[in-house]
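**Student:** Below you will find the structure I want to go over with you.
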């Protein structure tokens, strides 16, 4: 199933990539077509206007030419029947020619008048500029003539007096600033001392609180370590007994899977491995048993493991307790009699004699 999904995903990704590539290519071609069509439009317009202008010029030249009039005269001489009509036409053509001549003359007169007006304006501008230059020269000469040595001395005296006044004002401001700065410095030092004392007190209080919390946490950790060690010992003994006794085969399949999941949680924690393939049936069943427990704590998993073992094999846990007690007794007997205990030395001697008599030592 997963292989089929992967193949389907690759096919969909390939189709999407090809579609995007085709879309980009089509957009690029459309932009190129638009950019190639844009510069042709003004060229077409320019060509049309030039053709129109050229046609107008040709018409005007034909009307102003003299060869046409000569040809008309010859035609009039050859044809006698239409003398009146041809004469009328010649008269009209003459009027048109004279009208065009008048129009040309008017245009030349207007252009000459415009040129003369422009020249007049330029001349006026030149005159105005010259007048402004003369006025500026006269003003400079008057200012130079008005500057006398007496006026210069008076201006220097005034400037010196103003400089002295400004220096006195600055010195007064500096003195005021220095006096005010001393006061501000003293006040700021007092504020800093107060803040530093408050900060020291707060830091001391925080350090004391942290020490208290650390002590309480260490005490809790010590107690938790003792409890966990006992639970872990019982769990390890049950697991070893279950493996050595060979009674795991007597347990049902569901209970066996549940024991496997609890053992995984107690030893490795919550399940973080990937799901195995559907072909691996046993591995998938074990993974499901492990995943089903979720985020169960290791202590809870150990307790449930012991409870399930005692339920499925009742005598196994009792044997485990007896074995644990025997190991504890062996460790207690192996200790020396004066290993830091606060018992009476006479009792220690009597206990040693009793133990030697039991073991058959004279």
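Cβ from N, Cα, C; glycine included.
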**Student:** According to Swiss-Prot, which stretch among 171-192, 193-214, 215-236 corresponds to the feature region 'Disordered'?
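**Tutor:** That would be 193-214, the stretch labelled region 'Disordered' in Swiss-Prot.
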**Student:** Suppose you had to name the range Swiss-Prot annotates as region 'Disordered'; which of 132-151, 252-271, 272-291 would you pick?
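**Tutor:** It is 132-151 that Swiss-Prot annotates as region 'Disordered'.
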**Student:** Taking 8 Å from the centroid of the Cβ atoms of 260, 261, 262, 263, 264, 286, 305 as the cut-off, which other residues in that chain fall inside it around the acyl-CoA site?
**Tutor:** 257, 258, 259, 265, 266, 289, 290, 293, 301
**Student:** Tell me, how many other CB atoms lie within 10 A of the CB of residue 262 (acyl-CoA binding site), whichever protein chain they belong to?
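**Tutor:** The answer is 26 other Cβ atoms.
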**Student:** How far apart, in angstrom, are the most distant Cα atoms among the acyl-CoA-binding residues 260, 261, 262, 263, 264, 286, 305?
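**Tutor:** Of all Cα pairs among the recorded acyl-CoA binders, the widest measures 16 Å.
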